[in-house]
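Below: one structure, written as C-alpha cells.
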Amino acid sequence: MSGPQQISILGATGSIGLSTLDVVARHPALYQVFALTGFSRLDELLALCIRHTPQYAVVPDQVVARKLQDDLAAAGLDTRVLVGEGGLCEVAADPRVDAVMAAIVGAAGLRPTLAAVEAGKKVLLANKEALVMSGALFMQAVRQNGAVLLPIDSEHNAIFQCLPGDFARGLGAVGVRRIMLTASGGPFRETPLEQLHNVTPEQACAHPVWSMGRKISVDSATMMNKGLELIEACWLFDARPDQVEVVIHPQSVIHSLVDYVDGSVLAQLGNPDMRTPIANALAWPARVDSGVAPLDLFRIGQLDFQAPDEERFPCLRLARQAAEAGGSAPAMLNAANEVAVAAFLDGRIRYLEIAGIIEEVLDHEPVTAVEGLEAVFAADAKARLLAGQWFERHGR
C-alpha cells in the first residue's frame, strides 16, 4: 500500500468517531480521512470537515446537505456532500477506501456496515447492533468477500488480543474454555433496588467510568449493552452463549479475559479510553501510539470482581435468552430496546419499564428463522410495532 490509508468514519460526531479522529490526527503519514458522516450534530460535522478535509461528507437529508455544501464552499473546501443511507453505503464501499470505522449507533448502521463488508474492506466494528441483528448473515458476508473484521468494543478487542491468531479454527481447537466479558456495572450497581423506580435519564447517562453517548449510557446502566456484547461475542468468536460469562469489574481496567483449558487466563488491561482499541484495530497487526496514558497499577491498587444480579439487571437475562433462542430473537431484542430507551430518554416511561417492554415484545412473538436481510428488517419492524402498541395501551 502506498500513501496513507484512506478511512471512512461512519458516525464521526459520536464519541467513537471523535476518538477515531484523535488517533488518526496523530499519524498523518499513516491515515487520511476519506469521508465523515453525521446525523444530528451538523455544526460539529462542519467543524470536523474543516479540520480534516475529507473528500466526502454524508448527512441525512437534502436540506441539510445544501446548507453543509454551501458552508464547506465558503470555507474553501471541495468536500462533496452525499445524502442518506445511499450516501453512507457509497462512502463505505468506495474502491479508494482502505478501512471503515462503523460507529453509527443502532439498527441504522447495519446496511452501510454490510456495504463495507461486501466491498471487502477492513471494517472496524463499533456498531454492535449490526452483528446482533444479522449474525450469521453478517459473518457469512465477511467470509465470502474477504473482509477483515476488527472489533472496537473494548471488551471484544480485548478478547481478540487474548486469543491466538488462528482462533477461527474454533475455540475448542485452540484450547479456549470460556470467554469472560467484563462490565463496570454502570451507575446503579449498588443503588438500592427500591430507588431504581425514580431513576432519571440524567442519572442513567452519568456513567462512572466511560464517556459515551446517551443511548449507550442507558444500555450500560441496564446492562443491555453487555447483553448485546454477549451476542456479538458469540458471532465474532464462534462461541456458544454458555461459553461467554459476564463479570462485573467496577474499575474497568481489565477489559476482558480468555480462560484456557490448561488453567491459564489471559487478560488485556489498560486505562478506560476507547482510543486504545481504536488504535489497535487501525494499526493491526502493528501498533501505534493512541495518546492514552500508561496504566499505573500502583495508583489503581485494587481490582474487584462480582457476579451480575439478574434481579437488578433483567436486560442481561433477556439478552442471554435471545442469544440462546437465535433466529429473529436478537433483532427483536435490539429493536424493542432501542424504542424503550428512546422513550425513557424522552421522559415517557420509567427506567424499570425498559426491561418490561422488551420482555413483552419477546414473549408476544415466536422466534422465526432469519434467511435474509429482509427477514432481519421484518423482525426489527415487528418489534418496533409491538413496542409502540405497549405505549398505546398504557397511554404513553
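Glycine too: its Cβ is placed from the backbone N, Cα and C atoms.
Swiss-Prot annotations:
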type	residues	note
BINDING	THR13, GLY14, SER15, ILE16, ASN127, GLU129, GLY213	NADPH binding site
BINDING	LYS128, SER154, GLU155, SER184, HIS207, SER220, ASN225, LYS226, GLU229	1-deoxy-D-xylulose 5-phosphate binding site
BINDING	ASP153, GLU155, GLU229	Mn(2+) binding site
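Ranking the binding-site residues GLY14, GLY213 by how many Cβ atoms sit within 10 Å of each one's Cβ puts GLY14 at the top. Here GLU155 (1-deoxy-D-xylulose 5-phosphate binding site) is positioned 22 angstrom away from THR13 (NADPH binding site), judged by their C-alpha atoms. Residues listed for NADPH, THR13, GLY14, SER15, ILE16, ASN127, GLU129, GLY213, cover a largest CA to CA span of 18 Å. Comparing C-alpha positions, GLU129 (NADPH binding site) sits nearest to GLU229 among the binding-site residues ASP153, HIS207, GLU229.
In terms of C-alpha distance, the listed binding-site residues SER15, ILE16, ASN127, ASP153 place ASP153 closest to GLU229 (1-deoxy-D-xylulose 5-phosphate binding site). Take LYS128, SER154, GLU155, SER184, HIS207, SER220, ASN225, LYS226, GLU229, the residues named in the record as contacts for 1-deoxy-D-xylulose 5-phosphate: the widest Cα to Cα gap among them comes to 19 Å. Looking at ASN225 (1-deoxy-D-xylulose 5-phosphate binding site) and ASP153 (Mn(2+) binding site), their Cα atoms lie 10 Å from each other.
Neighbours of LYS128 (1-deoxy-D-xylulose 5-phosphate binding site) among the binding-site residues GLY14, SER15, ILE16, GLY213, defined as a Cα within 10 Å of its Cα, are absent: none qualifies. Neighbours of the Mn(2+) site: apart from ASP153, GLU155, GLU229, residues of the same chain with C-beta atoms within 8 angstroms of the site's C-beta centroid are LYS128, PRO151, SER154, HIS156, ASN157, LEU181, ASN225, LYS226, GLU232, ALA233, SER256.
Inclusion criterion for the binding-site residues SER15, ASN127, HIS207, GLY213: a C-alpha placed within 10 angstroms of the C-alpha of ASP153 (Mn(2+) binding site); this criterion is met by ASN127. When the Cα atoms are compared, GLY213 (NADPH binding site) and HIS207 (1-deoxy-D-xylulose 5-phosphate binding site) turn out to be 10 Å apart. Note: the CA-CA distance between GLY14 (NADPH binding site) and GLU155 (1-deoxy-D-xylulose 5-phosphate binding site) rounds to 19 Å.
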